[in-house]
Structure formats: C-alpha cells, structure tokens
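Novice: Structure in structure tokens, see below.
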Amino acid sequence: MHPAFAVGLVFAGCCSNVIFLELLARKHPGCGNIVTFAQFLFIAVEGFLFEADLGRKRPAIPIRYYAVMVTMFFTVSVVNNYALNLNIAMPLHMIFRSGSLIASMILGIIILKKRYSVFKYTSIALVSVGIFICTFMSAKQVTSQPSMSENDGFQAFAWWLLGIGALTFALLMSARMGIFQETLYKQFGKHSKEALFYNHALPLPGFLFLASDIYEHAVLFSKSELYQVPVIGVTVPIMWFYLLMNVITQYVCIRGVFILTTECTSLTVTLVVTLRKFVSLIFSILYFQNPFTLWHWLGTLFVFTGTLMYTEVWNHLGATKSPPPKEDKEN
C-alpha cells in the first residue's frame with residue numbers, strides 16, 4: 001500500500017477523531033469511560049475476526065507479557081480520557097500528550113541507562129518550556145473566569161490540578177509501556193497487529209468496574225436529540241452517532257499509523273504523527289473556538305519545534321535533498 005495513502009488515513013482519521021471526541025466531551029464531560037470502552041470493543045472484535053482468526057491463531061508473544069502491557073495500556077487510555085472531566089481543555093490535552101518525548105527520555109535514562117547528545121537535551125528542554133507556558137496560561141484562564149465566585153474558582157483550579165496530575169501520570173506510564181514494548185519486540189520480533197488486538201481485547205473485563213458509569217452515559221446518549229444520518233437516512237440519537245464516528249475515525253487513524261510503521265522509517269512516522277497533532281490542534285482551536293492566547297501559540301511552537309529537533313528531521317531532509325556525487329566516467 002502506498003505510504004501517501006497511509007498518511008491520508010492518519011490525517012483524515014485522527015483529525016476527525018479529535019472533532020467527534022470534543023463534540024462528545026462538550027455535551028457530556030464525563031463520557032470518557034464509554035468512549036474508551038467503545039473504542040476497545042470495536043478494535044478487539046475486528047482483531048478477533050481478522051488477526052486472531054476467531055481465536056485459532058496462537059500469539060507469537062506469550063500472553064503473560066501481554067497481561068503486563070495491557071494493564072499499562074488500559075490505565076493510560078482510561079486516565080487520558082478521564083482527564084477531560086477535570087477542567088482540561090482539548091488543546092491543552094493535546095499539547096500535554098505531545099510531551100511524550102520528555103517522559104521517554106527520563107525513563108530511558110533511569111531504566112535503560114541511555115545517554116543523549118546535548119542537541120537532544122536542548123530539544124527536550126524546548127518541549128518542556130513549551131508545555132510549561134501552555135499549562136501556566138491555562139491555569140490562569142481556569143482561575144480568572146468572571147462568572148465564578150472565589151470559592152468556585154478555587155474548586156475549579158483544584159480539579160484542573162488533578163487533571164494535570166492525571167495527564168502527567170498517563171504520560172509517564174505510556175513511556176514505560178513503550179520501553180516494555182521495545183524490549184518485547186527485541187526478544188520476540190515485531191508483531192504490531194497482534195499487539196493491537198491483545199492490547200484492546202484483554203482489558204475488556206476491566207470495564208466491569210466502570211459498568212455503572214458506562215450504563216449511565218449510555219442512557220444519557222439515548223436521550224439526546226435525534227439526528228438523521230446523511231445518505232442512509234436512518235434517525236439515531238446524535239450522541240450515539242458521534243460515538244460511532246469517533247470509534248470509526250479512531251480505527252482509521254490507528255490503521256494508518258500501522259501501515260506507516262510497515263512502509264516507512266520510524267523518523268517518517270514520528271514526523272507524520274507530530275504534524276497530525278499540530279493540525280488536530282488547529283482544528284480544535286478554529287472549529288470550537290477554544291481560548292488560545294499568543295502565549296499558547298508560543299508554547300505550541302516550542303513543543304513542536306523541540307519535537308522536530310529531537311527527531312533530527314532537518315538533517316534527514318538535507319540528506320535526501322543533496323544529490324549523490326557524480327562518478328567520473330572513464331573514456
């Protein structure tokens with residue numbers, strides 16, 4: 001499959017996914033659990049049919065290793081979606097999650113005893129400053145809303161701090177999962193589709209602990225205004241339509257990234273995903289008119305510049321543009 005098609009899937013799927021997720025979160029801020037459950041269920045069913053061959057195909061990586069990875073993956077997914085309930089705006093949510101390089105570097109130094117160049121430390125410092133600027137300015141917005149009393153403002157700020165704590169925890173846990181996954185792939189080989197299936201299928205029983213919240217939001221979704229789906233003309237509650245589109249676009253996004261990892265270098269994948277995050281951020285700001293000051297833009301610039309510096313993308317582009325040396329022809 002052509003890489004350009006995969007890039008199109010990533011941008012179309014992921015950017016649309018952000019829009020439908022924000023539509024869900026704006027109407028029902030506490031709907032993170034039902035969204036996570038629907039995404040996991042859809043990918044698990046698809047993987048069971050096409051990857052696990054209805055359970056007949058034995059996994060290349062032992063289940064006990066997947067159990068560890070799944071615990072981390074489930075926790076990260078639930079915490080990330082739940083953070084939207086805690087006064088965390090979607091743009092800040094996206095910017096904060098773009099700081100995965102910081103967490104990966106910190107844990108790489110602690111666990112894998114890795115050492116990095118001064119250039120990479122500088123790029124990470126740039127990302128850190130960018131996230132700090134955006135976080136600090138978002139904190140000021142939370143506490144300075146004119147419609148809030150002093151007590152309400154403090155309470156909102158306390159919930160916001162809890163949200164920042166949740167995002168930080170998810171960031172570190174995600175980086176730890178990445179290191180664990182890296183060691184597994186070195187030992188057993190790379191099995192991305194299999195990992196995708198088991199990471200989504202094995203955590204499904206864990207949603208039993210969240211069953212009451214999921215059921216409560218399912219009832220709220222069913223009571224939402226009716227919407228006639230274009231083309232097919234079926235009328236459904238609009239929140240269920242948003243959820244279905246969120247699940248489908250999430251799958252398209254994941255499939256696009258998977259195709260990219262098999263067709264392109266890791267540098268290209270990182271570049272595409274980084275640019276996709278930036279485009280998603282612009283979508284969220286413009287489409288939903290989320291508050292975004294000049295300081296936020298400066299912080300965003302720092303984050304994405306630092307990310308591109310870390311991947312040394314300019315060196316790579318320079319190498320591809322420079323023509324190969326001409327060989328002297330013998331007469």
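Glycine is no exception: its Cβ is also placed from the backbone N, Cα and C atoms.
Annotations in TrEMBL come from automatic prediction, not curation.
Feature list, courtesy of TrEMBL:
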- 32-51: transmembrane segment (TRANSMEM)
- 63-83: transmembrane segment (TRANSMEM)
- 95-112: transmembrane segment (TRANSMEM)
- 119-138: transmembrane segment (TRANSMEM)
- 158-175: transmembrane segment (TRANSMEM)
- 196-215: transmembrane segment (TRANSMEM)
- 227-245: transmembrane segment (TRANSMEM)
- 257-288: transmembrane segment (TRANSMEM)
- 294-311: transmembrane segment (TRANSMEM)
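Have a look at these and tell me how they're positioned relative to everything else.
Specialist: Same-chain residues lying 6 or more positions outside the transmembrane segment (32-51) and placing a CB less than 8 Å from one of its CB atoms are 21, 24-25, 57, 77-78, 81-85, 193-194, 196-198, 200-201, 203-204, 207, 210, 213-214, 217-218, 221, 243, 246-248, 250-251, 254.
Residues 16, 20, 23-24, 27-28, 34-35, 38, 220-221 of the same chain sit 6 or more residues outside the transmembrane segment (227-245) yet have a Cβ under 8 Å from a Cβ within it.
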Novice: Considering only Cβ pairs under 8 Å, which range in 95-112, 119-138, 196-215 makes the most contacts with the transmembrane segment (158-175)?
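Specialist: By the under-8 Å Cβ criterion, the transmembrane segment (158-175) pairs most with 95-112.
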Novice: Okay, the transmembrane segment (294-311) and the transmembrane segment (95-112): do they have at least three CB pairs under 8 Å, pairs separated by 6 or more?
Specialist: yes
Novice: Cβ pairs under 8 Å only, please: of the recorded stretches 63-83, 119-138, 196-215, which one is richest in them relative to the transmembrane segment (294-311)?
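Specialist: Between the stretches 63-83, 119-138, 196-215, 119-138 has the largest tally.
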Novice: Which residues, given as numbers and ranges, are at least 6 beyond the ends of the transmembrane segment (196-215) yet have a Cβ under 8 Å from it?
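Specialist: Answer is 30, 33-34, 36-37, 39-41, 43-44, 47-48, 51-52, 59, 63, 66-67, 69-71, 73-74, 77-78, 254, 258.
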